[in-house]
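Chemist: Okay, so TrEMBL annotates it like this:
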type     : residues : note
COMPBIAS : 44-62    : compositional bias 'Basic and acidic residues'
DOMAIN   : 255-392  : domain 'PROP1-like PPR'
REGION   : 29-62    : region 'Disordered'
REPEAT   : 181-215  : repeat 'PPR'
REPEAT   : 251-285  : repeat 'PPR'
REPEAT   : 286-320  : repeat 'PPR'
REPEAT   : 321-355  : repeat 'PPR'
REPEAT   : 426-460  : repeat 'PPR'
REPEAT   : 530-564  : repeat 'PPR'
REPEAT   : 698-732  : repeat 'PPR'
REPEAT   : 768-802  : repeat 'PPR'
REPEAT   : 803-837  : repeat 'PPR'
REPEAT   : 838-872  : repeat 'PPR'
REPEAT   : 908-942  : repeat 'PPR'
REPEAT   : 943-977  : repeat 'PPR'
Amino acid sequence: MKSELLTCTTQLRPWIVIPKIPSRISIRSSAGVRPDPWSLSDGNPERPKPRYERPKHPLSDDDARRIIKKKAQYLSTLRRNQGSHAMTPKWIKRTPDQMVQYLEDDRNGQMYGKHVVAAIKTVRALSQRREGCDDMRLVMGSFVAKLTFRDMCVVLKEQRGWRQVRDFFSWMKLQLSYRPSVVVYTLVLRLYGQVGKIKLAEETFLEMLQLGCEPDAVACGTMLCTYARWARHNAMLTFYKAVQERRITLSTSVFNFMLSSLQKKSLHEKVIHLWLEMMEDGVPPTEFTYTLVVSSYAKQGFNQEALKAFREMKSLGFVPEEVTYSSVIGLSVKAGDWDQAVRLYQDMTSQGIVPSNYTCASMLSLYYKTENYPKALSLFTDMERNKIPADEVIRGLIIRIYGKLGLFHDAQTIFEETERLNILSDEKTYLAMSQVHLNSGNVAKALDVIEMMKNRDIPLSRFAYIVMLQCYARKQNVDCAEDAFRALSKTGRPDASSCNDMLNLYTRLNLGETAKDFIKQMMADQVHFNIELYKTAMRMYCKEGMVAEAQELVEKMGREALVKDNRFVQTLVEAMHIKRTKQDKHEAIMYVSRLDVNALGMLLNLRLTEGNLNETRTILNLMFKTDLGSSAVNRVISSFVREGNISKAEILADLIIKLGLRIEEETIATLIAVYGRQHKLKEAKQLYLAAGESLSLGKSVISSMIDAYVRCGWLEAAYGLFMESAEKEIEPGAVTISILVNALTNRGKHREAKDISQICLEKNMELDTVGYNTLIKAMLEAGKPECAAEVYERMRHSDVPCSIQTYNTMISVYGRGLQLDKAIEIFSNARRSGLYLDEKIYTNMTMHYGKAGKMSEALALFSEMQKKGIKPGMASYNMMVKICATSKLHGEVDELLQAMERNGHSVDSSTYLSVVQAYAESSQYAEAEKTITLIQEKGIPLSHSHFNSLLSVFAKAGMMDEAERIYCKMSDAGISPDSSCKRTILKGYMNCGEAKKGILFYEKVLRSSVEDDRFVTSVVQDLYKAIGKEQ
């Protein structure tokens, strides 16, 4: 009931409705008769006026006048008996139609009499005048005795300026009809509170108390709302305590006003305290109340209390707003209660509430922490569909998620879009993009992002220096990394991860002394080591053979509570305990449930560097007696090989073999492969033979041994080992077969290559694309095209995919075998395969078209290659020039030479040599000689080969006069004929039966230059024998 009273008073509705008097009728009051100001009658019942003189204003219905009259009577009685404990009857409600008409009448000024309206306007007009120039008594002189107490209250309520309220209230108190009432003081308090005149409000409230007016809940609530409105929270809470002492129960709206004011200033503790007192007083909260309280609980991190208030809110039938859901979801995410956050989010979306970007940011953060990246991307898609703007925080999260998924281009796109929208200002977004580039291996771009951040005057935080250090460490830039580390140290004690990055950098670059000094500095600075930093420091000590420092570090780890239970630490502590005997060490290490391989590897490295073989043997024996010892030792040897510590791996392997222990096959294979790369065939064979005595050799060992033989040039041994393994049904593997067959082919051992190919086909050995390509090429080089075709058919039936190299080789196989139709079919298969056809396959197919005399097809294919954007190289042009010259297409030859020059290929001596050879072989002697002349004119250097091509064809054709002329032309060109030219022309004389001319040419031209050439001398002797003489 009191809340209803507060609502009525706060809204300050008028208490009475004065019907409007027509302007054409004037009412005059006599001294004896005075109309009742509260009466709602139509006039004097004893002297009723005609209806036409005083017409009634139409109301909304016939019963409205009775309702308004009863309301006026109720208000009159209520104000006379007003007090803090006044019982307020239930309000007489209007119908909606009556309420609409009531408001319209208010707008039309029909609620008050003309004198009241005039008074309101008169007082309001004073706001336009300077303060102090008017006396309220004089201004209101015409209204004395005309305004009743209620009329004055109406005038007071309708004022807007605080000065007018103050002056009118002072005048009002001088009137005879005035009587002190809590209502009028409440009106003044409300008006002072609206403009922030708190001191005047306090003085007015004290005046009310001094006059004996007991403040009710409305007056107290008005004062509290004034304090709350202007953020006078200390005064508000003090006044609230006084209200509590008077046992006045405030309404919900007042509590909401105070709670909202406190929360706006982030006084969440006081919000919660006031909320608890509100609950103790039994004041029913509203939806707005719960929204404020849940938010304050969330801001204070009170997860359970916030959820409790949230559940209470829903149990009372209130539908939480998005901001309330957002608060509890964000709180659940921060508290790690991810299932609760997901349930709340699903509950919110099921009610059709569109999440805000803050809620979306909380959920994206949750999905990022739980690595539920598909959900995160789905949420980002929903945001775009619902047109929820993604702020910089959300975009930063999406960049990180894209980075985790390897979508580096998408992350870069989001970053660029954020920059384009001018919302890129947070350091975290820059660093997120930098880390994405760093994880993708693009260190330069990561540093560019940090440099961009510097150029935009964004201050670098501690995290920025950490990311910068990671970039420089990855780049192995020691100076810049040290600068970043020093900058990081200025922000506080360096973290263990950054120290680990620096120490790893020094270790990788073999800066042992610097690494030692760095560890000492970390110890002096009391850096908090984590297990990874301990491992890196221990690895460095073991690598450098620093036994004392390693033991000291192990003891330090054993004392530290955070890492002493780690398996790595336990293994080192038990294995390095100085005071124990060997037997004690054996028993201690057996108690370690699972040995740490890294720890054992470091320990073996330490003992080997130290040169303590006895301790190494002891550790090996102990390790092999544990369940995982054999595997651990072999992994240690493999790690030595990967790190390049071959000598240590050799020593360990030798110790294991001498101790009669078993080395795993993969480890032996690794060591043999290393020996092969170093051309240490003797050591590889010794290890191979030693391993063969202790275990049955498998595929990996045999493959490594064959590879070692090939690398060292022992092809016969490699071939023999392959044959031996094939008899034992051991397949060396596709890679090993490819290496062996390729080596045999390059050495000209075609028979052995063919044998291996046949065995692979007979035994159905598993080969990959490269293996089949190697066998096809080997058969082609061996002159066995039918075997190459057989290998190709086996490859097709085995469903092994063909590569472009496969098709190119098979075109050569069928082209050399003069099977052009099959070569064309292979080229068509290559087209249909979807593979990218390169210049080589086009050139190969074009060459075989040309050799078969199909020049139109050759030229068309060459043109097709160019149309597809493949630019011909020198080899392609030389081939086309040669086949065109051979086919007597002189115009095409000239066009090709011009095209070569246009495309930036200089036409050199080798190109013209191809032209000369082609013309000569096709009996186009004039064109060949013309080309030689052209070469001379262009100043391109000639060689013996240019003349020898033409000389050779003249000699074979028996045209010896022409051959002599070319020989002399070569001498005239300043080229001294070589033995090949001399031999060619002399053989030409011999073959055509003109031995005498040959001898004459010899004695005249060649005798002085062939004494030392045994090949020419042999031909000359044959010439002399032909005519029956001796030289």
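Glycine residues also receive a Cβ, built from the backbone N, Cα and C atoms like all the rest.
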Chemist: Where DSSP helix means H, G or I and strand means E or B, what are the helix, strand and coil counts for the repeat 'PPR' (286-320)?
Modeler: 27 helix, 0 strand, 8 coil
Chemist: What residues elsewhere in the chain lie close to the repeat 'PPR' (426-460), defined as a C-beta under 8 angstroms and at least 6 residues from its ends?
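Modeler: The answer is 392-393, 395-396, 399-400, 402-403, 406, 408, 411-412, 415, 418, 467-468, 470-472, 474-475, 487.
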Chemist: Can you give the mean pLDDT for the repeat 'PPR' (321-355), rounded to a whole number?
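Modeler: Taking every residue of the repeat 'PPR' (321-355) together, the mean pLDDT is 89.
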Chemist: Tally the residues of the repeat 'PPR' (426-460) by DSSP class, grouping H, G and I as helix, E and B as strand, and everything else as coil.
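Modeler: Breakdown, helix to coil: 26 helix, 0 strand, 9 coil.
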Chemist: At a C-beta cut-off of under 8 Å, are there same-chain residues at least 6 beyond the repeat 'PPR' (838-872) that contact it? List them, or none.
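Modeler: Result: 804, 807-808, 811-812, 815, 818, 820, 823-824, 827, 830, 879-880, 882-884, 886-887, 889, 892, 903.
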Chemist: Short question: which residues 6 or more past the ends of the repeat 'PPR' (530-564) have a Cβ under 8 Å from it?
Modeler: 496-497, 499-500, 503-504, 506-507, 512, 515-516, 519, 570, 572-573, 576, 578, 598-599, 602-603, 605-606, 609-610
Chemist: Could you count the residues of the repeat 'PPR' (321-355) that DSSP puts in helix, in strand and in coil?
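Modeler: Reading the DSSP string over the repeat 'PPR' (321-355) gives 27 helix, 0 strand, 8 coil.
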